[in-house]
Amino acid sequence: MSFTIAIIGRPNVGKSTLFNRLVGQKLALVDDKPGVTRDRREGQARLGDLDFTVIDTAGLDEGPRGSLTARMQEQTETAIAAADALMFVFDARAGLTPTDRSFADFARRANKPVVLVANKSEGRHGEAGALESYALGLGDPVGVSAEHGEGMSDLYDALRGVMPEPTEEAEEFDDDDIIESEDISQRPIRVAIVGRPNAGKSTLINYLLGEERLLTSPEAGTTRDSISVELNWQGRDFRIFDTAGLRRRSRIEEKLEKLSVADTLRAARFAEVVVLMMDAQNRFEEQDLRIADLIEREGRALVIAVNKWDLMGRQSSLIAALRTDADHLLPQVKGMPIVAVSGLMGEGVDRLMTAIQDAYAIWNRRVPTAALNRWFEQAVDANPPPAVSGRRLKLNYVTQAKARPPSFIVFCSRADAVPESYLRYLVNSLRGFFDLPGTPIRITLREKANPFAHKRKRKS
């Protein structure tokens, strides 16, 4: 029996992008302008072993009776009536709006299973918006990036909870198991190579490709655009983005260079692993730290490549000193891989490509629930949270909200009272316990509802 899911939400939250992702074709027009979708559109979707009909709807919005907006809403209401379940989509980067809250009530009144989808949830702003959506009372949000295909395995798990059991025994699926117009299981790892101008980014890519595909020059700023190339390295596919060097914004005067920096930032956001290239002769300058901080804030896995190693006499003691400096200067990505390379000579390139694949695997890591609970109990017992104003803070339990990067929610009695230092302790403890070097780890505190609070209020 066919199962139908309607994708609903306010205009311009990415409903059509998600629809195209699920059906594997660009059947729905996508544009940044709200209201591009006017009619409901149906397609056959497949996610892992789940087959279903999906309906793309116009954005839910109010309009005068008889107007085009009102007719669009009528089409949406018809789709909801025909559906067996709803996917309520909101823009996690923008956060919840009054319209989102209004139509969350609308979705509840439909009296059908609802899967809450936090689209555009990549990056720190997206994560905050996704967590904010718990206030809607529609259950746990599923963080996805419909544009980049992230979070599809989490969406699969959520849809399995509202759909009839598949006829065959279900398997576990990764994000790559969604069927697209091309076999996404072959999708390359997206890698951005960033750094200060003239660090040797293009030289490294030319070595990997075996040809002088990108212009190189001792003059800083030869690369103006973010350039994408595909690469197969020992049987694994990669898409590599070479970027213009990042300088301090205050020193940028040419309009062209301003655009280059913006392009570099976009490439870093689009990537899954970011390689920060540093010149071995000028390492860990202020701008390197700024770039690394940007990468961490965007939630990307980080690998440091120390280039022009051959010019430094290949001193092994220098790498040890770099590791110490990196852990001190960048504690938020402690243990990140540091690889000495010579892009010109090809030295260390095998180690770099292995480090990229390892970082990608860690970035995608999901921690088994039993092991997560065991770590949490040990960490809190070893170092309980400090009392605040004479009141003890109680940490109840922890759950993993998502991967890419690994993100966790700790439920506690008073979220606003837990010191930042204790949060850092939990992050470092978790990183060490589960061996998660070099990837951002997000731990968000959320207060556990007190079932007796309303009773106390009534007595007073």
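Just so you know, glycine gets a Cβ as well, placed from its N, Cα and C.
Positions annotated as GTP 1 binding site by Swiss-Prot: 9-16, 56-60, 119-122. In sequence order, Ala92, Arg93, Glu127, Gly129, Ala130, Pro141, Gly143, Val144, Ser145, Glu150, Gly151, Lys402 constitute the residues six or more apart from Ser121 (GTP 1 binding site) in its chain with CB-CB distances below 8 Å.
Per Swiss-Prot, the feature GTP 2 binding site maps to 195-202, 242-246, 307-310; the stated evidence is sequence analysis. Sequence-distant neighbours of Trp309 (GTP 2 binding site) (same chain, six or more apart, CB under 8 Å from its CB) are Ala280, Ala340, Val341, Ser342, Glu347, Gly348, listed in sequence order. When secondary structure is read from DSSP and collapsed to three states, Trp309 (GTP 2 binding site) falls in the helix class.
Feature annotation from Swiss-Prot assigns domain 'EngA-type G 1' to 3-167.
Annotation comment: Swiss-Prot describes 189-364 as domain 'EngA-type G 2'.
Annotation source Swiss-Prot lists domain 'KH-like' at 365-449, citing sequence analysis.
On the backbone, the CA of Gly195 (GTP 2 binding site) and the CA of Asn12 (GTP 1 binding site) stand 34 Å apart.
Checked against Asn198 (GTP 2 binding site), the binding-site residues Gly9, Asn12, Thr57 differ in C-alpha distance, with Asn12 being the nearest. DSSP assignment over the domain 'KH-like' (365-449) gives 32 helix, 22 strand, 31 coil. Separating the Cα atoms of Thr57 (GTP 1 binding site) and Lys201 (GTP 2 binding site) is a whole-number distance of 44 Å. Looking at Lys201 (GTP 2 binding site) and Gly9 (GTP 1 binding site), their Cα atoms lie 42 Å from each other.
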